[in-house]
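*Asks:* Submitted below is the structure of interest, expressed as structure tokens.
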Amino acid sequence: MNYVIDLQIACEDPLPINEACLISYAELPLKAHREKAELTLRLVSPEEMMDLNSTYRKQHKTTNVLAFPSNIPAAIAMDYPLLGDVIVCPAVLLVESQELNKALDFHWAHIVIHGVLHLLGFDHIEEDDARIMQAQEISLLAAIGFTNPYLDEDNHLE
């Protein structure tokens, strides 16, 4: 299994988690679903996240994670198929982890896994799809020693 993860740090906030952990969190869903893949994991300021969320989702607020799947046709041969970009806002994760009373490393793991699963085609728009995606998240988090993020019904992602 081979993965290329382009970690881009485009914010001034100090990272509360080391870069190797972030990359390992992004690799977890890849290992479960792909032999080879490439993606970008970009960490951004609340301002950049709000701009992206406004532009692409027409929601004029910041958010914790956005995923932008690649639209490169499958017929184009690539050494590492490009899945797309996962955009995370560290400042939002910090506030959420405090509000939800979750350990920061746990919340980072959950959100990065969640974003990569979106690149792999999972979503949570329909209830059945949400159950499937949540089961993936729960299983992957358990594999690294974390508990179910959905035990408290108030902690669902948007």
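The backbone N, Cα and C atoms fix where each Cβ goes, and this holds for glycine too.
What TrEMBL says about a protein is an automatic prediction, not a curated fact.
Quantities reported herein were computed from a predicted structural model and do not represent experimental measurements.
Sharing the features that TrEMBL gives for it:
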BINDING   His114, His118, His124  Zn(2+) binding site
*Asks:* Comparing the binding-site residues His114, His124, which residue's C-beta has the most other C-beta atoms within 10 angstroms in this structure?
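*Replies:* Max Cβ neighbours within 10 Å, all protein chains included: His114.
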*Asks:* Once near-sequence residues are set aside, which residues in the chain of His118 (Zn(2+) binding site), 6 or more away, have Cβ atoms under 8 Å from its Cβ?
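*Replies:* Same-chain residues close to His118 (Zn(2+) binding site) (Cβ under 8 Å, separated by 6 or more) are Ala67, Pro69, Val86.
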